[in-house]
Structures are given as structure tokens and as C-alpha cells.
Amino acid sequence: MSNNQIIVPLDVADLESAIALVDQLPQVNFWKVGLELFTSSGPKILEVLKSRQKRIFLDLKFHDIPNTVAGACRGAASYGVDLLTIHATAGKDALKAATEAAQEGAAQAGVKPPQLIAITLLTSISSRQLAFDLKVPLELPEYALEMALMAQESGLNGAVCSPQEVAQLRQTCENDFLLVCPGVRPSWADKGDQKRSLTPAQAIQAGADYLVIGRPITAAAQPELAWNQIVEELATVG
Ligand SMILES: O=C(O)c1cc(=O)[nH]c(=O)n1[C@@H]1O[C@H](COP(=O)(O)O)[C@@H](O)[C@H]1O
């Protein structure tokens, strides 16, 4: 387990707050830029992170028709980011179009292509909500697995799943399929809106390649201390 497997989201409202967080936690090497920050501040933060040699997960969770997601992925890939997200529920045609467009966008910009990963089912959704609100007739683990398999068949590099499904996805999708787990909560942290969590050590043991851990670190009274506690917990995992 390496500290580089922990991705911390910059879920803040503006560029200044994002830079302050990056400055406060110099030990973090992999940052996530998501909808809140990108919508308010655009791509400037990506330049800031690159100038500090940080890795970047651009989590814009695209979900649209094939032509539109392709255009968005072409643009996003031109920034030279490491990871990029799309919802698996956009469907096979959109996933394939997105994969090709991400490669094209990166090639045109002369940067390394991002690893395109699919959201299987948001970690804020419970089994009950999947059945009763979203009207999906499959059991939740089976549904998440089906979404991951569709992403793999469509040529994506990996999937985002909750730690509770990662062991099954790892077993079925094998080792070269990247598995990224948000919804990770140390035993001492609040779950908040996350419904399917496990601890950092449990998630890594179950087969996650990367953990996305936000508020337990960023909303802690002492973020550096919270980071250190998580790193110590993970050091116990072989
Ligand atoms: O794609 C993601 O990163 C993501 C997918 C998902 O299913 N659930 C999920 O929580 N996330 C993101 O992971 C982060 C979790 O943050 P915390 O709940 O604060 O640890 C947020 O930035 C979410 O946008």
C-alpha cells in the first residue's frame, strides 16, 4: 500500500479554497477535481496541480448521448489528466465513443491519455433506493458488477465502485481493470451521505487500487492529523 493510492477530492467552492487545501496537505500526491470546483472555477486548478507535479483525477461524471460525451471526453483529455469519469448508465455506445474520443483528445493535445473509468452505482445509493426509487430489479452487487462488465467490454480502463462491491469486481474483472473506491470511512469518521462504506484498510484488502477519501480528511479539525491516521491504518495492510 502506498500513500499514492489515496486520492483526496478538492470539494470546495472556489479556486482560492482549493489552493489553500493543496498547500495545507503537501503530502497528498493525487487530487480529485470534481463538479463543484470545476463548475465554479473551470480548469485553472488543473494547471496549479500540474505545476506542483500532482496527479489529477478529473471527476466530471459525464452522462449524455454518445456524440456529446465524446466531445466532452475529447476536451477533458486534452488537459492531460490521469483519471476521467463517465457514468456506465450512459450505455455501451456512449462508453465506446468516450473511450475513442479521450484517446483522440489526448493525442491531439500531445498529452498522455487519461484512464477512463465508469461509475457503476453512486456510493450514496442504498439497496433500498436502487429497488424502490430507481426501480432496478437486480440485487445491488449484481447491478454494480453488470455496469463494470459493460464498461470493461466497451474498452474502459476501470470502474468506480463502493468498497462493498470491490472484492467481487476484482475477482470478475481481473487485475488490469482499475478499481477506484469512494465511500471510504475510517471507523472514527462520520458516514455523511455515503451508504455503502468500509474502512480504508478493508477497502484495500478487498482489492481497491485507489481510495477516494474526502471529508474525513478535509473536514477534520486537523486535516494533516486525519491524513496521518489513515496512512498509519493503511500501513498495517500488506
Ligand atoms: O466518482 C467519484 O469520485 C464518486 C463516485 C461515487 O459513487 N461516490 C462518491 O462519493 N464519489 C466522489 O468521492 C468523493 C467522496 O467524498 P467524501 O464522501 O467526502 O469522502 C466525492 O468527491 C464524490 O463526488
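Every residue, even glycine, has its Cβ placed from backbone N, Cα and C.
From a predicted model like this one, the values you see are computed outputs, not experimental measurements.
Taken from TrEMBL, the feature active site, proton donor applies to LYS61. A strand conformation is recorded for LYS61 (active site, proton donor) in the three-state DSSP classification.
Summarising the annotation, TrEMBL assigns substrate binding site to ASP11, LYS32, 59-68, THR123, ARG185, GLN194, 214-215. Around the Cβ of THR123 (substrate binding site), a 10 Å sphere holds 23 further Cβ atoms from the protein chains shown.
The annotation domain 'Orotidine 5'-phosphate decarboxylase' is assigned in TrEMBL to 5-230.
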Provide, as an integer number of angstrom, the distance between the C-alpha atoms of LYS61 (active site, proton donor) and ASP11 (substrate binding site).
14
Three-state secondary structure of PRO66 (substrate binding site) from DSSP?
helix
CB neighbours of GLY214 (substrate binding site) within 10 A?
18
Intrachain C-beta neighbours of HIS63 (substrate binding site), sequence separation six or more, cut-off 8 angstroms:
VAL69, ILE86, HIS87, THR89, ALA90
Give the sequence-ordered list of residues that share a chain with LEU60 (substrate binding site), lie 6 or more positions from it, and have CB atoms under 8 Å from its CB.
GLY34, LEU35, PHE38, ALA72, ALA76, LEU84, THR85
Any same-chain residues 6+ apart from ASP11 (substrate binding site) with CB under 8 Å of its CB? Would you list them in sequence order, or say none?
GLY34, GLU36, LEU37, GLY214, ARG215, THR218
